[in-house]
Every structure is written in C-alpha cells, then in structure tokens.
Amino acid sequence: MDHRTDLNGVDRLIVRRGQPFSISLYLRSGGYQPGASSLTCVAETGPQPVEQYGTRAVFGLSPSVDTSCWSAAVISPPGDMVALSLCASPEAPIGRYTLTLGPSTQIQFILLFNPWCKDDAVHMESEQDLAEYVLAQDGLIFRDLNNYPIATPWTYGQFESGILDACLRILDMNPKCLRNPGKDHSGRRNPIYVCRVLSAMVNCNDDRGVLFGNWSNNFDGGVSPMFWRSSVEILRNWDTQACAPVKFGQCWVFAAVACSVSRALGIPCRVVTNYASAHDSNADLLIKRYIDENGKPVGSKEMIWNYHCWVESWMTRPDLKNPEFNGWQAYDPTPQERSEKVFCCGPVPLRAIKQGELTCSYDAPFVFAEVNADVVTYMKKQDGSMSKVTTTTLVGQMISTKSVGSDDREDITHLYKYPEGSAEERETFTKANHQNKLLHQQQQQGDGLHLAIKVSPDMRKGCDFDVFALVSNKGHSDKKCRLVFGSCAVSYTGVMGGNCGFKDMLNVELPPGGERRVPLRLNYSKYDAELTEDNLIRLAALLLDYSTGEALMTLRTIVLTNPEIKVQILGEPKENRRLAAEISLKNPLPEPLHNCCFSIEGANLTGGTQHSKSVEPGQDAKAKIYFTPTRSGLRKLVVDFNSNRLCHVKGYRNVIIGK
C-alpha cells in the first residue's frame with residue numbers, strides 16, 4: 001500500500017503507522033513452512049524501550065495483518081524467500097525504530113503519523129485536504145494588512161533531502177527528551193504532545209531550538225527575517241551547525257518552519273494569519289493604549305500587531321472529553337509569553353476559542369485575546385489628568401490561510417469567532433467574562449462627531465501621495481474642534497518609528513451635517529528614511545471637541561506596495577531538464593538601484609542567482625536564471641529581488657513540470 005513517503009527518497013524504509021508494509025527475507029537454511037515455522041518480532045524506539053510505555057512491542061506471526069496493533073503475517077508461498085506484511089499500531093510513538101526478526105535479523109525504519117488511517121489521531125478524510133496540508137511542499141503566507149493582504153510565497157520542503165532527519169533531531173533535542181528520554185519517546189505517540197514540543201523548539205528561548213527571534217531591525221550576526229523564503233535552508237543550517245539557533249526569525253518564519261516540521265512528521269498543518277492581532281500580556285482581555293494630547297503613543301506596553309502568524313494542526317482531542325474539540329488546533333511557536341514556564345503556546349481547539357471555553361488546554365485565554373481583546377485608549381494630559389478616548393479599533397480581523405488546491409485566500413475568521421455584534425458573540429463574551437467588550441459595543445459612535453481616514457488608491461513605494469482625515473458632524477449643533485493628523489513608520493508588530501508627516505489644525509468648525517476633508521501629504525523624500533522593511537506607515541487622526549472636552553481617535557495602517565516581479569519560463573518544463581527563467585522588475589524609485597540581485601528556488605528545484613547592473617528610475621532590472629526541476633508536478637518558482645534601496649521583493653510563478 002502507498003505510504004506517501006516516496007518523496008523522502010527510496011534509500012531507506014519510511015512508513016506510516018496503522019498501515020501495512022512489506023519486507024522480504026531470504027532464508028539461509030531451510031524454508032518457511034506454514035504452521036511449522038515461527039518468528040518473533042520486536043519493534044523498539046528510543047534509548048529505553050519498554051512495553052509498558054509503548055516504546056517496545058513484541059509480536060509473532062498471525063494469519064493476517066491486524067491494523068489496530070503491531071502485527072505481522074506471511075504473504076508468500078512456502079519457500080526460501082519469505083514475504084512479510086507488517087503493521088505498526090496506529091497509536092505507536094513516531095520516530096526511528098529497530099525491528100528485530102528472530103534471533104539476529106535487524107531492520108531500521110522511521111515511523112510517521114498517518115492522516116490516511118482512520119484509527120490515527122491525525123486522520124483527515126478529504127484527499128484534497130491531505131494533498132494541501134500534508135503533501136504540498138510550497139504555499140502562500142498572508143502578510144501586511146487586512147485591507148491589503150499580500151501573499152508571500154514559501155517553500156516548506158518537508159520532503160527535501162535531510163529535512164526529516166532534522167525534524168527528528170528537533171524532537172531529540174527538546175529538554176523533555178534530554179531530561180527523561182523514555183517518557184518523551186512514549187509521548188511521541190500523541191500529536192498533542194508533539195505539537196507542544198514543536199511550539200517550544202522552533203524558537204530557541206528555553207532550549208537549543210531552531211530560530212532566534214529578532215524584532216529590533218538590527219540583524220548583525222545573521223540575516224533579516226525578510227531574507228528567508230524557504231524552511232529548507234533554515235532547518236539544514238540548524239542541523240548542520242550543531243543545533244545553534246538560526247538568526248533571525250519573526251512570526252511568519254516561526255510558523256512556516258513549524259508547518260514544515262509538522263507535515264514532515266505526518267501531521268496535517270497550515271499557516272494562518274490573524275490581522276489586528278492583540279498581545280495581551282496580563283490575561284485581562286484588554287489592550288490599554290495611552291497617548292498624549294498630540295495623539296503620540298506614550299508608555300503603552302501591550303501591542304496590537306498589524307498581523308500575526310501561527311499554525312493549525314489537525315487532530316482529535318480525547319483529553320478534553322468533548323468531540324466538538326476535535327479538528328483544527330492552534331499552536332504558536334513565536335515566543336511571546338510563557339506557558340508552564342516555557343515559551344510555547346497551544347495546541348488549543350479553534351472550537352474552544354469560538355465558544356469562549358477558556359479553561360481548555362492549552363493557553364486558550366491568550367489565543368482568545370489575540371482575536372477578541374478589547375482596545376481602550378486613554379489620553380494623558382499635561383496637568384496629570386487622564387481621560388478616555390473613543391476609538392473603533394477591532395481586533396481579530398480577516399483570519400486567513402491559503403485555500404485548498406489554489407492560490408486564493410481563504411477567510412477562516414468564522415472558525416475563531418462569531419460575527420461582530422451577534423447574539424452568539426455576546427453569549428461567548430459572557431462565558432469568557434469579557435464584560436469590557438460587551439460594554440464597549442454599546443458605546444460606539446452615534447450622533448455627533450465622526451472621524452475616519454481615507455487613502456489614495458495607488459500608494460507605491462517611491463511615490464508622493466495624499467491621505468485624508470474625514471471629519472463630519474452628525475449632531476444638531478455647531479462644533480468647533482482641534483484636529484491632529486499625523487503619520488509615522490511602524491513595524492508589523494506595532495512598534496512606532498519616525499515621523500512621516502504631521503498636521504495640527506486648531507480651529508476646525510463644522511455646522512450640523514457639515515463635513516471636512518483634510519489632506520496630509522506624504523513625501524518619499526521624508527518617509528523613505530523612516531520606513532522599516534515592512535513598508536508600513538501608521539496614520540492617526542485625533543479630534544478634540546472644545547465644547548465637551550471629549551476626544552475621538554481613529555487609526556489606519558497603510559502598506560506601500562513593492563513593484564511586481566515578472567517571470568517568463570523559456571522552453572517546455574520537464575523533469576531533470578535544465579530550464580531558463582527570464583525575470584524582470586521595474587524600478588519604482590526616483591533614484592537608481594545598485595547591486596541588484598535576483599535569486600530563485602523552489603521545492604524539488606535546483607535554484608540559482610544572478611546579479612544585474614544598476615537600474616535607472618523607471619527602467620527594468622532583468623536577469624536570466626537557469627534551474628533544473630528534479631520532480632514532476634506543480635511547483636512554485638519563488639523569486640527574490642534585492643538591491644541597495646529596494647530589498648526582499650518577492651514574487652512567484654506556478655510551473656507544471658512534466659515527466
């Protein structure tokens with residue numbers, strides 16, 4: 001039977017639990033005779049195999065293979081060659097095994113989870129889902145903003161040479177294994193345990209994990225997280241450099257590596273992106289923000305990230321005693337808060353988050369806050385007093401993942417939360433003791449002053465453009481206000497940078513029904529020096545009503561788009577045939593680009609790099625790169641462009657490789 005492990009290579013035995021596999025034995029003396037010959041089989045994993053903990057199994061020959069337990073049966077006629085059909089228990093620990101047949105014959109093999117087996121805890125029914133969440137070696141990760149989600153191509157490469165060995169080494173290097181290897185290897189029968197280990201080991205905060213997190217914008221001693229476009233190089237670097245952490249990662253890199261490892265081990269997995277993601281550090285479901293009288297943030301420790309990526313894995317949750325909690329489980333390898341004294345998070349059922357069941361294991365309150373926390377803003381005044389500012393910030397928007405079988409974005413927000421304002425949402429908040437959100441929903445803007453930010457349709461890096469504060473008076477009396485309208489660079493985690501443009505209007509007068517559209521010009525000459533690699537600018541408009549003393553604030557983050565990379569394949573793509581790709585990118589900046597470099601890679605592709613000459617404004621950077629696909633099928637050709645002024649521009653082209 002097909003174990004779907006051939007992509008790992010055929011030089012060793014790799015099988016999935018709960019599914020028969022065959023081996024042939026050539027007997028040195030005598031032949032096999034049914035009923036007269038016997039054979040004892042012993043399967044062992046880990047340094048301290050014990051039957052009691054499931055790391056050792058002893059079994060003999062049966063008339064036929066039993067897929068519910070360790071078993072073996074002869075499937076050949078009597079003779080000098082014996083063909084055995086064997087099967088590992090669907091609840092056996094995964095990992096490296098030694099199979100001893102009789103007194104001395106030993107066979108080494110690797111056992112993986114089996115989502116095609118109905119008795120495996122990771123069983124998934126749909127073949128289309130299995131092709132996407134287990135077998136697909138590339139995908140898309142959504143980043144930037146909820147009103148402008150940009151798909152970043154990523155090569156998971158779980159079947160590339162050496163990757164499975166690196167994944168098994170991650171399990172062996174985890175502190176639980178180093179403290180008690182027998183107990184740890186026994187725990188590997190359970191995907192809940194394995195995912196929790198991966199959540200801790202993909203970061204290096206408490207152990208010899210894979211990635212070193214860095215959100216400082218200073219990447220000396222490593223490379224920017226924007227550099228990575230594949231898990232393969234990261235995992236190989238970690239494995240070959242004595243398990244030294246790879247520098248550096250941020251949330252989408254942590255999530256992508258965790259996805260690669262999960263798929264390599266046989267656990268269905270996908271990367272998800274939560275836009276406007278709250279980081280609630282004290283578990284009160286509140287994000288408190290403070291500003292001064294000019295709208296500038298002051299002393300705010302809790303953050304709202306423009307987006308945050310984690311992973312979901314598919315499994316049953318027998319530990320929670322409720323079948324509704326089976327299915328997708330969220331876990332997060334990005335080191336944010338400690339759980340059981342370790343930087344890890346999850347797995348927790350999506351259904352538990354949606355229903356506000358915050359006592360569910362693991363870390364339900366933190367994940368619930370990421371998608372549901374309420375945002376409260378206070379203004380600190382010069383006289384020392386503090387007042388509440390009305391805002392309309394919503395957390396947990398457009399939760400996204402790649403669609404099955406296509407490059408479309410799938411919105412999975414409904415799996416995490418009920419529609420805003422619905423009766424089901426109110427019931428969930430009541431159950432979760434989220435009284436602040438219930439109260440806030442009753443205090444949204446009604447009659448009176450309204451404030452919004454509008455943007456231009458074409459906001460490209462390198463251009464000057466306008467953004468607008470829209471102030472309207474829906475009340476019945478004249479209003480006289482102060483409008484502060486500012487902009488600053490911001491990282492995707494919400495850390496503010498330098499000023500990109502500012503306007504302070506002390507006398508904005510509005511009659512009943514009146515409206516003002518106030519522009520703010522953002523010039524490339526000013527914002528270019530302030531931008532981080534995220535290309536994000538935070539717009540903030542603060543409106544102070546002189547008659548009531550009340551303050552109204554609205555925020556909006558914009559992304560300055562990079563130019564499109566165009567890819568043309570020359571020749572007919574075939575397995576093991578050298579191909580050429582013509583790649584081009586137009587310089588959008590009002591200055592030349594120097595040290596231009598294109599590079600390509602992809603799953604089962606031998607990649608390449610080519611440097612290009614300097615490119616004047618408005619001209620195309622061009623390159624022809626040769627590559628060789630080593631396997632047939634649909635492949636993503638991932639392209640990366642770098643230069644002195646334009647870095648980490650990514651694009652991709654789907655290529656169907658023939659045999």
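Note that Cβ sites are derived from N, Cα and C of the backbone, with glycine treated the same way.
According to TrEMBL, the feature domain 'Transglutaminase-like' maps to 243-335.
There are 28 other CB atoms within 10 A of the CB of Cys251 (active site), with all protein chains counted. According to TrEMBL, the active site annotation covers Cys251 (among others).
Annotated active site per TrEMBL: His308 (among others), in sequence order.
Same-chain residues at least 6 positions away in sequence with a Cβ under 8 Å from that of Asp332 (active site) are, in sequence order, Ser199, Phe254, Ala255, Trp310, Val311, Cys344, Cys345, Gly346, Val367. What TrEMBL lists as active site is Asp332 (among others).
The Ca(2+) binding site annotation in TrEMBL covers Asn372, Asp374, Glu420, Glu425.
With respect to their backbone Cα atoms, Glu425 (Ca(2+) binding site) and His308 (active site) stand 22 Å from each other. With the fewest other Cβ atoms inside 10 Å of its Cβ, the least crowded of the binding-site residues Asn372, Glu420 in this structure is Glu420. Shown for the domain 'Transglutaminase-like' (243-335): DSSP residue counts in helix, strand and coil, namely 21 helix, 40 strand, 32 coil. Summarised as a single figure, the pLDDT of the domain 'Transglutaminase-like' (243-335) averages 94.
Per-site Cβ counts within 10 Å over the binding-site residues Asp374, Glu425 peak at Asp374. Comparing C-alpha positions, His308 (active site) sits nearest to Asn372 among the binding-site residues Asn372, Asp374, Glu420. You'll find the Cα of Asp374 (Ca(2+) binding site) roughly 22 Å from the Cα of Cys251 (active site).
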